[in-house]
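Visitor: Please find one structure pasted underneath; my questions will follow.
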Amino acid sequence: MSDNAQLTGLSDRFRGFYPVVIDVETAGFNAKTDALLEIAAVTLKMDADGWLTPDETLHFHVEPFEGAILQPEALAFNGIDPHNPLRGAVSEYDALHAIFKMVRKGMKESNCNRAIMVAHNATFDHSFMMAAAERASLKRNPFHPFVTFDTAALSGLALGQTVLAKACIAAGMPFDSTQAHSALYDTEQTALLFCEIVNRWKRLGGWPVPPLAAEDATPQDGE
């Protein structure tokens, strides 16, 4: 591999992690008891010059799992009617199986060894996706069990804003508040925001960084 490829490859940029932007809409705040109602995923790619851009997208309305709690306040907030047949909702298994398949394909093509969730206030989205994957008994979950890239934190650092809409505007991106709290729209905007932050850091000279003195001393995942 050439030096230039080493500097611009997705796997080298994030230490073997494959970033995947996720957003969920739910019927509450408890990932174990409240329904997952909508999920979207956007994968990312790097061009030959090392600039990050969105790649593939998947979006699903999701059927509440058996016994799931539907909090009225949450439904009023996101405007979702879980029982509307026009939603075309699928099971948690079908939604996550398709997303995981897309992610594993992208990991292989990018020479990455583990997917990492990118999300705005990522702990929330991560907890719901992981709980749904466990309920669906999906064994080949490509995502790291606890490491995430949180665009709320990154936006606070890079842009001085932590709310998604305000962070997008601060980054010079449009944000349509009438489409907010749609998993698809929020995921697409979060993907663009993450790409802008990563690319801005590169434009400012923050990437690439000098190589570590002793790569064999690099801590392993979770250390």
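Quick reminder: no glycine exception, Cβ is built from N, Cα and C everywhere.
Keep in mind the model is a prediction, meaning the values are calculated, not measured.
So Swiss-Prot says this about it:
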DOMAIN    20-194  domain 'Exonuclease'
BINDING   Asp23  Mg(2+) 1 binding site
BINDING   Asp23, Glu25, His181, Asp186  Mg(2+) 2 binding site
SITE      Phe29  site 'Important for substrate binding and specificity'
SITE      Phe77  site 'Important for substrate binding and specificity'
SITE      Phe124  site 'Important for substrate binding and specificity'
SITE      Phe146  site 'Important for substrate binding and specificity'
ACT_SITE  His181  active site, proton donor/acceptor
Visitor: Spatially, and counting Cα to Cα, which of the binding-site residues is closest to Phe146 (site 'Important for substrate binding and specificity')? Options: Asp23, Glu25, His181, Asp186.
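Guide: Of all the candidates listed, Asp23 is nearest in space.
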Visitor: Round to the nearest Å and give the CA-to-CA distance linking Phe29 (site 'Important for substrate binding and specificity') with Asp23 (Mg(2+) 1 binding site).
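Guide: Cα of Phe29 (site 'Important for substrate binding and specificity') to Cα of Asp23 (Mg(2+) 1 binding site) measures 14 Å after rounding.
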Visitor: For Phe29 (site 'Important for substrate binding and specificity'), which of the three DSSP-derived states applies: helix, strand, or coil?
Guide: coil
Visitor: Consider the recorded positions Phe124, His181, Asp186 and say which one has the Cα lying nearest the Cα of Asp23 (Mg(2+) 1 binding site).
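Guide: Result: the closest of the recorded positions to Asp23 (Mg(2+) 1 binding site) is Asp186.
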Visitor: Over all shown protein chains, what is the count of other CB atoms within 10 A of the CB belonging to Phe77 (site 'Important for substrate binding and specificity')?
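Guide: Its Cβ has 13 other Cβ atoms within 10 Å.
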Visitor: Measuring CA to CA, name the entry from the binding-site residues Glu25, His181, Asp186 that ends up nearest Phe124 (site 'Important for substrate binding and specificity').
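Guide: Minimum Cα distance from Phe124 (site 'Important for substrate binding and specificity') across Glu25, His181, Asp186 lands on Glu25.
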Visitor: When DSSP states are folded down to helix, strand and coil, where does Phe124 (site 'Important for substrate binding and specificity') land?
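Guide: It is helical.
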Visitor: Can you tell me the three-state DSSP label for Phe146 (site 'Important for substrate binding and specificity')?
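Guide: Strand, per DSSP.
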Visitor: Quick one: Cα separation, Asp186 (Mg(2+) 2 binding site) versus Phe77 (site 'Important for substrate binding and specificity'), in Å?
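Guide: Counting only the Cα atoms, the answer is 15 Å.
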Visitor: How many Å separate the Cα atoms of Phe77 (site 'Important for substrate binding and specificity') and His181 (Mg(2+) 2 binding site)?
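Guide: It is 8 Å, counting Cα to Cα.
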Visitor: Which of the three DSSP states, helix, strand or coil, fits Asp186 (Mg(2+) 2 binding site)?
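Guide: Assignment for Asp186 (Mg(2+) 2 binding site) reads helix.
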Visitor: Sorted by position, what residues of the same chain at least six away from His181 (Mg(2+) 2 binding site) have a C-beta under 8 A from it?
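Guide: When sequence neighbours closer than 6 are ignored, His181 (Mg(2+) 2 binding site) has Glu25, Phe77, Asn78, Gly79 within Cβ distance under 8 Å.
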